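Following: one structure in structure tokens, then a few remarks.
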Amino acid sequence: MKNKKKGGSAPKGPKGAKKSKTYSLNEDSFFSTESKKRRKIDRDEIESDSDDDYGVVGSDGEGGGEEDEEAEAIEETADEKRKRIAQEYLEKVRGLARREKEDEEDESDEEGEKEGARDSLVAKILQQQQLEDSGRVRRAIASRVQKPESTDEFRISVKHRQSVTAVALSEDDFKGFSASKDGTILHWDVDSGKSEKYLWPRNEVLKSHGVKDPQGRATKHSKHVLALAVSSDGRYLASGGLDRHIHLWDTRTREHIQAFPGHRGPVSCLTFRQGASELFSGSYDRTVKIWNVEGRAYIDTLFGHQGEVLSIDCLRKERVLSVGHDRSMQLFKVPEASRLVFRAPASSLECCCFISNDDFLSGSDDGSVELWSMLRKKPVCIVKNAHPFLAARKNVEQKDGDRVPNGHIENGDHTSQSYDCSSTYSWISSVTVCRGSDLAASGAGNGSVCLWAVESESKAMKPLHDLPLVGFVNSLAFAKSGGFLVAGVGKEPRLGRWGHISSARNGIAIHPLKLSSDDTDNF
């Protein structure tokens, strides 16, 4: 008798048993082309039919509709969410194009022609925005800036007790933020000038938010603020100063929500990456650190500077531009973990900003404004004595009221002895660029803010107008539309007290800019 093999075939069932069902690839849900949301709806319909057959309690559907809607919202995939957001943005742009086209079209036009013209305008707007965001095209705003009239002057709209050190604007240009040396942080409306103050919490609350004990000879935390930055979505405001911490605030409630320790020196500059939650901070400890605001976490530290980091800037790409006291400007490429070093002829670079992904602007303590290109290690254009200081301007006093007097000297002594470009008053303390355009501005303590036209083809800088403003211009910010310029001014420089202008006023000054056309808000 032969032995049965182990692991043989399973015993056959009874004769009346049904055979196991075979599945095809078309019936497998993995190979289905329908979305999860559609399949879930089909399953819900099958289950509801079975409930009706068996008479389950509550099958009349009175309370099941809300649950189905909630389940469908939860089951929304990432692709469906991206599609929904894109459609909402497209409808927003179509609404803008519809309003513009209504002013130009005649009533006799047919509806089909109107829709076609609007769609073409929508495509043009989207293409223009994509080119501007990528840095491949610039808006020609500088050539449209009209010469300021006698009534177009800087007006002090927000007052501070001490010198203003930082200014930031929201993405929609409706709200502004400013900070001063006394630790005051204000949130103000651009049109009305109405301001609201950010209140520092108690020490116990600060420690619970991550603040460490003071280091060195300091016995308590300093509220001296040196830098501000607001996120692209307008939700977060970051501040940094002498206490070596980065403080995170909620702009909706004006409450302190987090503190980031880690720097071993004062935090001198801050910037957000456009369209992201990444925050970059520069410090006197010669480092640049990267933080994740949404995750409340530290990411990385960028090394390379041999002196204090004084200013940083960032666009949409993960590239950080920084300048320091080591006579260098460095471009950190974060994903590639590399950097480019640009050497300046001046003794120290004080400020910097991006013009595009390949062009930069900087100001130095010898009174020069430099234009840089990523293809060259040295400036492609240098404007020396950009802010000359006239000895006769020392007698300029500021009047009472909200207007700043005209700082131009009509009949003063213009000999070479009257100019002093190496003094503290001629140091370039701030530079800024109207985003995606060829319009730039620089500020110092010589009594005026200079507007510049940056020519992309010839790589040159052309002076436009001088806007009178008494005091040290420690921070500048353009409106995205180019409709106005905001300056943070004070009696003392931002990073020290080596200069003093008693006739200046501490506060926020706004200067309107008139453009030759009325389409300043199209993009």
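Sequential numbering from 1, following the chain as shown.
Using N, Cα and C of the backbone, Cβ positions are placed for all residues, glycine too.
Note that the structure is a prediction, hence the values are computed from the model and not measured.
The region 'Disordered' annotation in TrEMBL covers 1-120.
The feature compositional bias 'Polar residues' is assigned by TrEMBL to 22-33.
The compositional bias 'Acidic residues' annotation in TrEMBL covers 44-54 (among others).
Sequence annotations record features per position, and here TrEMBL assigns compositional bias 'Acidic residues' to 63-78 (among others).
The compositional bias 'Basic and acidic residues' annotation in TrEMBL covers 79-101.
Here TrEMBL flags 102-113 (among others) as compositional bias 'Acidic residues'.
Mean model confidence for the repeat 'WD' (157-198) is a pLDDT of 94. Sequence annotations record features per position, and here TrEMBL assigns repeat 'WD' to 157-198 (among others).
According to TrEMBL, the feature repeat 'WD' maps to 218-259 (among others). Taking Cβ pairs closer than 8 Å, the repeat 'WD' (218-259) reaches residues 165-172, 175, 177-185, 187, 196-201, 203, 205-206, 209-212, 265-272, 274-277, 279, 281, 283, 291, 293, 296, 494-495 in its own chain, all 6 or more past its ends.
Note on the repeat 'WD' (260-301): DSSP counts are 0 helix, 23 strand, 19 coil. What TrEMBL lists as repeat 'WD' is 260-301 (among others).
The helix, strand and coil residue counts that DSSP assigns across the repeat 'WD' (218-259) are 0 helix, 22 strand, 20 coil.
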